[in-house]
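Q: Copying in the features that TrEMBL gives for the protein in this structure:
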- 245-265: compositional bias 'Polar residues' (COMPBIAS)
- 41-233: domain 'Amino acid permease/ SLC12A' (DOMAIN)
- 357-407: domain 'Cationic amino acid transporter C-terminal' (DOMAIN)
- 245-267: region 'Disordered' (REGION)
- 51-74: transmembrane segment (TRANSMEM)
- 86-115: transmembrane segment (TRANSMEM)
- 135-157: transmembrane segment (TRANSMEM)
- 187-206: transmembrane segment (TRANSMEM)
- 212-231: transmembrane segment (TRANSMEM)
- 297-319: transmembrane segment (TRANSMEM)
- 325-345: transmembrane segment (TRANSMEM)
- 357-378: transmembrane segment (TRANSMEM)
- 384-402: transmembrane segment (TRANSMEM)
Amino acid sequence: MPAYLHTNCTGSTPATPATAFLGTQGDEPRLQSRVAGMCHTQYGVGGFMPYGFTGVLSGAATCFYAFVGFDCIATTGEEVKNPQKAIPIGIVSSLLICFVAYFGVSAALTLMMPYCQLDTNSPLPNAFKYVGWDGANYAVAIGSLCALSTSLLGSMFPMPRIIYAMAEDGLLFKSLAKIGETRKTPFIATLISGAFAAIMALLFDLKDLVDLMSIGTLLAYSLVAACVLVLRYQPKQPNLAYQMASTTDEPDNNESVSTSDSQTGFLPEEDEKCSIKAILCPKNTDPSKLSGSVVNYLAGVIGVLIVSCCVVTVLYERAVIEDKVLFGIITAVLLFLCSCVTYIIRQQPESKTKLSFKVPLLPFLPILSIFVNVYLMMQLDKWTWIRFAVWMLVGFFIYFAYGMRHSVEATYSAPPEPETRMDLNSDSCK
């Protein structure tokens, strides 16, 4: 099924319809009927990409779910001896293995039979039967059972741990963070997430669930890229999350920082006036409050520009905008503004905190990741966006009604009460 979705959505088919039937040249009537069947109006016009490059990107947005499982590796950070080294290697290796596997199966299906004749319920057995390999159906059945077992494990393993981590941080209800006494696993989160997944699978079609999972994953990856873009240009913040990410001990001279400065989350620094020169050519080699604020603001600006550019491109591809000149002007202006914002972000001083793994090519790689993810999201249909909007409303309700008030990270980052600050100052005077 994953190989079928990848092949069918990307529109991959042999270069010419007749090449798929070279073995049937002696049966000309049957050949003509099959070729005529390939030219049905609901399919493309033929060729390797019958729906063009737009069809390939639209299929990529749906088939993105094939690479979702690697987040299982990231959720095992507390169960790995050396997570700083093992997790990056595991993520990259799993992505490469998945790519080779899916690419190989998709290429085999593409070369075995035309995409428009694949059976939506059993594409691989149908393809093997088409070429006369009926015995291969048994191997496909065994492989399907193994794939279903792996998929079930890959879905049920990370979700309870994600729910547990969010409940521990106060973003979800504390009862979801309860650990079993014997197995030491989040059994309540496992039961609730498993039951909810079963209900969703019962009510919705596979295509709808795949699209919903794809759009949620693409948004999550876009937010991760935006967070990387913002955090790498922020001043040193000795809060809980940043200390957990650091792999080196802080120097002893940091302990001499005054209480008032450390409570604000920044090390003491000279005041820097906001000006065009200070933004375009900052003098400081270390991030400051001004440079961090500039990157925060520009990250939001470039997000709006990327969304606007992707929306305009999709509208032009779907013939909503028919004027090529207007499309070219709007796209050129948006890309120029994106380039200017990227240049300004590039000029800001980058954090020198030593981490075990850093994203290279900053800020270009995170911005490119956001652009690709948003563009793939725009390729999904409107019903996927409607379901996603409902899902987001539920999440916003839980966050603003419960999570925002019980967040542990917000408690660490919040400034102390005035009475507490006065007590600290009086103690220091003594």
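Cβ coordinates come from backbone N, Cα and C, glycine included.
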Q: For the transmembrane segment (325-345), could you work out the same-chain residues 6 or more beyond its ends whose Cβ comes under 8 Å from its Cβ atoms?
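A: For the transmembrane segment (325-345), the far contacts come to 229, 233, 279-280, 294-295, 298-299, 301-302, 305-306, 308-309, 312-313, 316, 363-364, 367.
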Q: Restricting to CB pairs under 8 Å, which listed stretch, 51-74, 135-157, 297-319, 357-378, 384-402, is in contact most with the transmembrane segment (212-231)?
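A: Top-ranked stretch among 51-74, 135-157, 297-319, 357-378, 384-402: 357-378.
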Q: For the transmembrane segment (384-402), could you work out the same-chain residues 6 or more beyond its ends whose Cβ comes under 8 Å from its Cβ atoms?
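A: Residues 171-173, 208, 211-212, 215-216 contact the transmembrane segment (384-402) from elsewhere in the chain.
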Q: What same-chain residues lie close to the transmembrane segment (297-319): Cβ under 8 Å, and 6 or more beyond its ends?
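A: Answer is 54, 226, 229-230, 327, 330-331, 334-335, 337-338, 341-342, 344-345, 367, 370-371, 374-375, 377-379.
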Q: Checking distant contacts: for the transmembrane segment (187-206), what same-chain residues at least six beyond its ends satisfy Cβ-Cβ under 8 A?
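A: Sequence-distant neighbours of the transmembrane segment (187-206): 1, 155-156, 159-161, 163-164, 167, 175-180, 212.
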Q: Would you mind splitting the domain 'Cationic amino acid transporter C-terminal' (357-407) into helix, strand and coil residue counts from DSSP?
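A: Computed counts for the domain 'Cationic amino acid transporter C-terminal' (357-407) are 40 helix, 0 strand, 11 coil.
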